[in-house]
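S.K.: Below, the features straight out of TrEMBL:
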- 3-74: domain 'Ig-like' (DOMAIN)
- 194-291: domain 'Fibronectin type-III' (DOMAIN)
- 294-389: domain 'Fibronectin type-III' (DOMAIN)
- 371-397: region 'Disordered' (REGION)
- 395-490: domain 'Fibronectin type-III' (DOMAIN)
- 494-586: domain 'Ig-like' (DOMAIN)
- 591-685: domain 'Fibronectin type-III' (DOMAIN)
- 705-793: domain 'Ig-like' (DOMAIN)
Amino acid sequence: SVPRCYLNKQLATVRVVKGEPAELSCTVSKDHVAGTWFKDGLKLTSMEGVVFEKKGLVHKLIINKAGDIHAGKYRFEGGEVKTEASIFVEDPPQVDKMLLKNLTRVPTVAKAGQGVKLKIPFEGRLPIRATWLKDKMELVDDTRIRVDKTDTFTTLSIPSCQREDCGDYKVRLKNDSGVLEINFKLVVMDKPQPPAGPIKVTQGSASDVTIQWQPPKDDGGKPVQRYIVERQQAGKKEWETLGETPRSCTSFTTNKVDGDTSYYFRVRAANAEGTSDALESGEVKALCKASPGAPDPPEIISASRDSITISWKAPRKTGTSQIVGYVVQKRKKGTMSWLPVTSGPVKDKKLRVSSLRKGVPYEFRVAAVNAAGTGDPSDPSQPVSARDPTESPGQVQDLKVSSCTSTSITLTWDRPEVKGGNDVKGYEVETRLCHSPSWTRCLSLPAEATTCTIRGLQAKEKYLLRVRALNDSGPGEATELEASLEAAAPLVPPRLLIDDTVKKLLVVRAGNSIRVTIPFEGSPAPVVIWLKDGLPLPDGAATKTEAGATQLLVGAAELAHGGTYSVELHNGLGKRETFSFQVQITDIPEPPGPLQLEENVPNTVTVTWEPSASEKWEKKLHYTVLKRESQRGPWRVLGDLIYNNKFTFTTVVPGQDYFFRVVAKNSLGASAPSETVQPWRIQKTKAEFRVKPQKYRGVNQNQHPRFLVPLKPHVVVTGSECHMSCAVGGPPPPKITWYKDSRDLSSDPNYFCTNDFGVCSLIILGVTKQDEGEYMVEATNEVGCVFSRAFLAIKGKT
């Protein structure tokens, strides 16, 4: 919009950008009034780029394209109207729009080692300050980067780019009319960094070695295309290329190794710009070939008239290569010879041995086989005879769902009824989705089990479940039921529900309990961690978390329990919530240390004491000083709200015994007192009188009092002592009276006055801000009265 100024509405300033239009207008009361425009006091009849216009009562001055010549103070006069306005022509920095568009829309790309030179021409009112910034930090000339500026352009030069030069850049052009900021990106392409290590080495067998690594932290600005894997045998100089892997694969397996031989491996990453430096492994020694260990004894699954079914588990020690099968042997009980059951290794871990003689007890053993050969055989199984099959077990009783979540179901049941010879040996549990035809065995349980939990199920799905009892003759008839899973709880990031009931500062008296309850939400249930000052909770502090709230509990608070407590929530969503609060432990303060009494100023006593131990933790601790004049008299307060360890008592009566005590106080109460044991006394001196006979004077020698040394202004610091003195003469000796702000100080115990042969002093012990003001000393005798005034200024401690 065009900047306008309505002069008769007192909008007296127009700011217009150079090259833009502007307008001044004024409304008069009568149509026939002919107005006149002035600029900088000169009448305007014509001006380049300016049009004068009158429409009815409105007079306008229109500038089509503002320039520097149009800046100034304008005045309009017409009839009874006379008003003024000012035009300021602003010329902020400007850059060519096409250059600005190209620079900001497309990143500037360079290869590592190449030079980059960015030149930004600009226009605007001088002087223009040009500043270059990278990642919000101002760039200055150094050994690699140069910044230049003239009145018409600024240049950034990088003779040899590096990856560290990548980032967000900004050029800021500023003059007194405005600021222009240009943002752009610089991308430097280079070969990738080495893959991230260390290289992890695993050996699946005596002839296979697998190495793993991580992608490089910096891919050089272009995606990694492949990894190159090399190998060097220890003691040799040559590196042998083993192969390459695509960028998605960060592991490599080679069988080109010999047992009991040491190797080194290295990996390089490659992109379109080149190949990185190598990531090397430490020394890797290939294992010797080793056969498997012995399995556990086989278990008898079932027996029939001429066959027995056995099963076994893999050995704990598999050797240096994968197990490829098992050798199964049998023998009659009581014999020494083992006979093979099959002509070759059995791949499964279950076998039905047939062609057995009924009633003859047999024993079985198993040995695992790998690339190194056949391992040690197992111990023999329990003896078992081929016999007629027993009756299969009955159905389990009272099968039901005892609990259910979104991903699991817990079943319970009772054992089937036992009939002769069909004892239950175990149970098997199977599941299937209602819309699926196939059953899946999920659990095998021992005979004593009558409950199980099936996990890893799908939320909001219906399942059929069945349980079979097992004995020597095989599985019995299944018992089935249908169950539906709950809907999965929605994922809710952890969040502490802090309200006004949870305070950020708790002040607790020592010995009282601390109980802070903080509600929270989150699904899955977040893990709650409590810390004090960034460390685990101290002794005596416990936490309790249940039902969407966590609680901090301290039975009896001690000073060690004061500090900053924080509670953290985090769950599997990768988000964390933290809240911290302060706990301040307070108590009735400890008593002050021993008292010391000193007479620093005649006829005064200064009481000092060791600080209370509670000053270390109680910020608002203060002291009260009391005195009494006999061992059994009442204690009277001399000073209260004392925040240092010193107090001066000025109205001491010589010859009088005094006892002093000091107590420490805070908001909870007062400490035990610290007292003086022996009385304090200032010895009373007897005045010495000398009678000097006066000589007869025939003439009256009395004089008007006068100040030999007047009172002088003083500036003292709060808490210090102040001595104000003057010298007075004139026989007879004048009577001295001190005043503060016209108030007589003679009876005020806070001021100590002396007069030694005309040298008059006023002593103020422990000056406070209230002592500031004008002080006057009055000297009066039979002849007359004189005054001397001075101001006492108080300044605080620095």
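Along the chain as shown, the residues are counted starting at 1.
From the backbone N, Cα and C atoms, a Cβ is placed for every residue, glycine too.
No curator has checked TrEMBL annotations; they are predicted automatically.
Worth saying up front: this structure is predicted, and the values here are computed from it rather than measured.
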S.K.: In the domain 'Ig-like' (494-586), how many residues does DSSP call helix, how many strand, and how many coil?
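M.R.: Going through the domain 'Ig-like' (494-586) residue by residue, I get 3 helix, 56 strand, 34 coil.
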S.K.: Please tell me whether the domain 'Fibronectin type-III' (591-685) and the domain 'Ig-like' (705-793) touch - that is, whether there are at least 3 C-beta pairs under 8 Å between them, with each pair 6 or more apart in sequence.
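M.R.: In this chain the domain 'Fibronectin type-III' (591-685) contacts the domain 'Ig-like' (705-793) - 3 or more Cβ pairs sit under 8 Å.
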S.K.: List the helix, strand and coil residue totals of the domain 'Fibronectin type-III' (395-490) as derived from DSSP.
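M.R.: Across the domain 'Fibronectin type-III' (395-490), the residues distribute as 0 helix, 51 strand, 45 coil.
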S.K.: Tell me, what is the mean pLDDT of the domain 'Fibronectin type-III' (194-291)?
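M.R.: Computed over the domain 'Fibronectin type-III' (194-291), the mean pLDDT is 85 on the 0 to 100 scale.
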